[in-house]
Amino acid sequence: MDIKQALARVAERLDLNTAEMQGVMRQIMTGQCSDAQIGAFLMGMRMKSESIDEIVGAALVMRELAAPVTIGVERLVDTCGTGGDGMNIFNVSTAAAFVVAAAGGRVAKHGNRAVSGKSGSADLLEAAGVYLELSPEQVARCVESVGVGFMFAPAHHGAMKHAIGPRRELGLRTLFNMLGPMTNPAGVKRQVLGVFSQALCRPLAEVMARLGSVHVLVVHAQDGLDEISLAAPTHIAELRNGEISEYLVQPEDFGIKSQSLIGLDIEGPQESLALIRDALGRRKTEHGQKAAEMIVLNAGAALYAADQAGSLKEGVALAHDALHTGLARDKLEELASITAVFRQENQA
């Protein structure tokens, strides 16, 4: 199916099957479609709502065209969300990655600069002195030595350049917002995937099952966050060994008091970094303590997804202990140090 046929189908609010979607996505990602065609297709898909088959087909093509990262480590996990929740709080899932590493987990973190928010994972890490332009081999060395490696999405998804213009001009969430967390270049099969709408939780868990994932927690909080929230119950669709279950969790389930998100919002990556360093360090401020509890909830979910813990409650307890050792803050500094060496190698 070509793009013109797909547009005619979508205009009638009819779904494409997986193979048809793969054909259209290959055209888009190989520069065979005009900006007008891409924009019209993305808007049409959003208006009718993307089907599971369509999301699977699109993700398969993005994975096929990505520059892969091979990491010789068992039970790799990712903490990557769709973004677009409009809340502008600090980089919770990125901070959680360092707690996971401090607890003995291994994180292959996939991310980008902010699109609609104030600080994307790449913005935060760059502010912390982490060099982003790494080769696949260098990313693998980060994971193996530090416990965290960062894959800067533009470096691994070069074919995305064909959709950047239409996406920017639309200025709306589109299919591509959902695809980022599903197209980790290291091929992780375990992750915490935050989404901008509760209606996406179960469908995306089904998508991840079809893409071969083993253990995934798709999360959306009732206050709108694409994270496990400190301020409201969070809906989770959990994929584990081919089965999907859905449930609600709240901080009190883990011995943590629910609190407002006041003080956790940020204006940019430097502010996010300062809050995270306080949370991972001595927690000298009230906001730093609150941020630490939010990080622990999400790191605990990642440890559970990685099967480093037997339950979500056990994962949160493990994350709590890891954060309070101070090792997580050390991991952030270690990642900055090792990537500084790689920067010198690359520029030599």
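Note that Cβ sites are derived from N, Cα and C of the backbone, with glycine treated the same way.
Per Swiss-Prot, the feature 5-phospho-alpha-D-ribose 1-diphosphate binding site maps to G81, 84-85, 91-94, 109-117, S121; the stated evidence is sequence analysis. Under the heading anthranilate 1 binding site, Swiss-Prot lists G81, N112, citing sequence analysis as support. Annotation comment: Swiss-Prot describes S93, E227 as Mg(2+) 1 binding site, evidence class sequence analysis. Look at Swiss-Prot and you will find R167 tagged as anthranilate 2 binding site. As annotated by Swiss-Prot, Mg(2+) 2 binding site applies to D226, E227.
Separating the Cα atoms of G111 (5-phospho-alpha-D-ribose 1-diphosphate binding site) and S93 (Mg(2+) 1 binding site) is a whole-number distance of 10 Å. Shown in sequence order, T79, C80, G81, S121, V192, G194, E227, N298 are the residues of the chain, 6+ apart in sequence, with a C-beta less than 8 angstroms from the C-beta of S93 (Mg(2+) 1 binding site).
Distance noted between the C-alpha atoms of T94 (5-phospho-alpha-D-ribose 1-diphosphate binding site) and the residue listed as 'anthranilate 2 binding site' is 24 Å. Of all the binding-site residues in the record (N91, N112, A114, R167), the one with the smallest CA separation from D226 (Mg(2+) 2 binding site) is N91. Under a cutoff of 8 A between CB atoms, and with a sequence separation of 6+ in the same chain, the neighbours of the residue listed as 'anthranilate 2 binding site' are L42, T174, F176.
Rounded to a whole number, the distance between the Cα atoms of N112 (anthranilate 1 binding site) and N91 (5-phospho-alpha-D-ribose 1-diphosphate binding site) is 12 Å. Taken residue by residue with DSSP, T94 (5-phospho-alpha-D-ribose 1-diphosphate binding site) is part of a helix. Listed in sequence order, the residues of the same chain lying 6 or more apart from N112 (anthranilate 1 binding site) and placing their CB within less than 8 Å of its CB are G120, S121, A122, F152, A153, P154, G180.
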